[in-house]
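Visitor: Below is the structure I would like to discuss, written out as structure tokens.
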Amino acid sequence: MKLSDIDKGTYAAVKFDDSTLDMFQALQQIMELFNPVPRDKLHSTICFSRVKIPYIPLTEKMPIGSTHKLEVFEHNGKRALVVLLDSPYLESRHEYANILGATFDFPTYNPHVTLAYDIGAMEIPKHGVTGNPVVITHEYTEDLDLNWKP
């Protein structure tokens, strides 16, 4: 890592296999979300660090856990609908990033997948989501983009 890279930050996340993407899209459709996250953008964040770390992404396809429940994350006046994941794998990879010196902007890490970035005043849907298997195809990293908008 070069000294000039330190202020770039590190973003690390996972992408899902087709069966997992199909399941998330089916949830979006059943809930009739107004502006769902597109299939190619569905992911789960591992690390959102304002400092660059030497994170090494894993590239193997594997099951990493299961869906747990729906929740709304309120942030910057928006109400994002997420599926919380029961994933010791994601928790351990987040801890790996912390050991490498990653920063984190929130008090706790909650593995999740965002289904819609803003559901407005919509109530949390009552659909059961517990226990669906979640399989990733790979992890990836990129420089942190502090200007990113959904």
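Placement of Cβ uses the backbone N, Cα and C atoms for every residue, glycine included.
Residues or ranges marked as 3',3'-cGAMP binding site in Swiss-Prot: Y11, F73, E142, W148. Residues or ranges marked as 3',3'-cUAMP binding site in Swiss-Prot (evidence: similarity to another entry): Y11, F73, E142, W148. According to Swiss-Prot, the feature active site maps to H43, T45, H112, T114.
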Visitor: Would you please pick out, from the active-site residues T45, T114, the one with the fewest other Cβ atoms within 10 Å of its Cβ?
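Guide: Checked T45, T114; of these active-site residues, fewest Cβ neighbours within 10 Å: T45.
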Visitor: Should any of the binding-site residues Y11, F73, E142 have a Cα within 10 Å of the Cα of H43 (active site), which are they?
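Guide: None, since no candidate lies within 10 Å.
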Visitor: Roughly how many angstrom lie between the C-alpha atoms of F73 (3',3'-cGAMP binding site) and T114 (active site)?
Guide: 9
Visitor: Just how many other Cβ atoms lie inside 10 Å of the Cβ on F73 (3',3'-cGAMP binding site)?
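Guide: I get 15 for this one.
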Visitor: Around E142 (3',3'-cGAMP binding site), which residues of its chain at least 6 apart sit with Cβ under 8 Å of its Cβ?
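Guide: Once residues fewer than 6 apart are set aside, E142 (3',3'-cGAMP binding site) is near Y11.
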Visitor: In Å, rounded, how far does the Cα of T114 (active site) sit from the Cα of T45 (active site)?
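Guide: Rounded to a whole number, the Cα-Cα distance is 10 Å.
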